[in-house]
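Beneath this line is the structure, given in structure tokens, with notes to follow.
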Amino acid sequence: MSDSKEPSVQQLGLLEEEQLRGLGFRQTRGYKSLAGCLGHGXLVLQLLSFTXLAGLLIQVSKFPSSISQEQSKQDAIYQNLTQLKAAVGELSEKSKLQEIYQELTRLKAAVGELPEKSQQQEIYQELTRLKAAVGELPEKSTQQEIYQELTRLKATIGELPEQSKLQEIHQELTQLKAAVGELPEKSKQQEIYQELTQLKAAVGELPEKSKQQEIYXELTRLKAAVERLCRPCPWEWTFFQGNCYFMSNSQRDWQDSVTACQEVGAQLVVIKSAEEQNFLQLQSSRSNRFAWMGLSDVNQEGTWQWVDGSPLSPSFKHYWNRGEPNNIGEEDCAEFSGNGWNDDKCNHAKFWICKMSAASCSRDEEQFLSPAPATPNPPPA
């Protein structure tokens, strides 16, 4: 194989020499090797240039593809955001609709519980006022207040709308009438208060129209019974051992105090027993007030006499405070003072105590239908 290669090399060398001669070059030593290298260098440069150009073309071809991919990603994101926005909008609307639906459901339930006619609200208000009035009975109420409340209640009951449970209301009214019949004692007033509370609850469920007349009649009888409430003593008077006593809240001289008691059918207090004396003395000392009693020696100095004309019993003389009565400066009228009695000038203004007999109360139901005696108002306080 070496023999075959040598002729080829020789031929290549001869070809190069001929080319150089044609170009006017002189043949020198080592020239052959340099020309061979230069001949191969151009080929290498061409290969390198082609490689660089190919790489550049590849990179340039990739750049539009990257831009296209980024644009596609942005389009996808935009579409996703659009869909998400639409979904959120639908979710918000659904939430609002759900909230509105719940509100309407509650409103529907509330409306479903409403009474059929606006009259029920008026009845409820009337019963509330009636309950408040009766709740204050033990303190400083009057029969006139109860009468007015029952009159208004009677007027509204006549307009009651439909719905049943009349029997329950009828029973409540029967119990209420029975409680009113037992009212002479203050403790019974609480019973009426409870009955009225139950009546209010029953009326809230309303009877049928056909039964309204029966309820109207019951309330009319009840009103008459309340109007004739039998009490041992008028309002603001205190009961003790069959008598009623009024303690004034203002002051007058002795003679004006006598007149004030007479104007209400009573008299300035006349003491008849030791128990009564102790009761009155306690009332006076608790209030820390000096109060006139119906005792004086105006007609004859030293002779003490009650306003009913009876003389002072010798057994009562020990109720005078020590050194009393002393008649200093024309002191002719007796008063409750501290733990005993004192004489003072009759023109001095003091509190006073009236006394009258207590009413006789019968629990017979027929008595409620009979005219009741007029109840005296307390004297101006």
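In case you wondered, yes, glycine gets a Cβ from its N, Cα and C as well.
Copied over from Swiss-Prot, here are the features:
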{"type": "BINDING", "residues": "Glu324, Asn326, Ile328, Glu331, Asn342, Asp343", "note": "Ca(2+) binding site"}
{"type": "REGION", "residues": "96-303", "note": "region '6 X approximate tandem repeats'"}
{"type": "REPEAT", "residues": "96-118", "note": "repeat '1'"}
{"type": "REPEAT", "residues": "119-141", "note": "repeat '2'"}
{"type": "REPEAT", "residues": "142-164", "note": "repeat '3'"}
{"type": "REPEAT", "residues": "165-187", "note": "repeat '4'"}
{"type": "REPEAT", "residues": "188-210", "note": "repeat '5'"}
{"type": "REPEAT", "residues": "211-234", "note": "repeat '6'"}
{"type": "TRANSMEM", "residues": "38-58", "note": "transmembrane segment"}
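The structure, with features from Swiss-Prot marked on it.
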| residue | record | CB count, 10 Å |
| --- | --- | --- |
| Glu324 | Ca(2+) binding site | 17 |
| Asn326 | Ca(2+) binding site | 11 |
| Ile328 | Ca(2+) binding site | 11 |
| Glu331 | Ca(2+) binding site | 19 |
| Asn342 | Ca(2+) binding site | 18 |
| Asp343 | Ca(2+) binding site | 23 |
Any further residue of that chain within 8 Å (Cβ to the Cβ centroid of Glu324, Asn326, Ile328, Glu331, Asn342, Asp343) of the recorded Ca(2+) site: Gly323, Pro325, Asn327, Asp344
Within the repeat '6' (211-234), residues counted as helix, strand or coil by DSSP: 17 helix, 0 strand, 7 coil
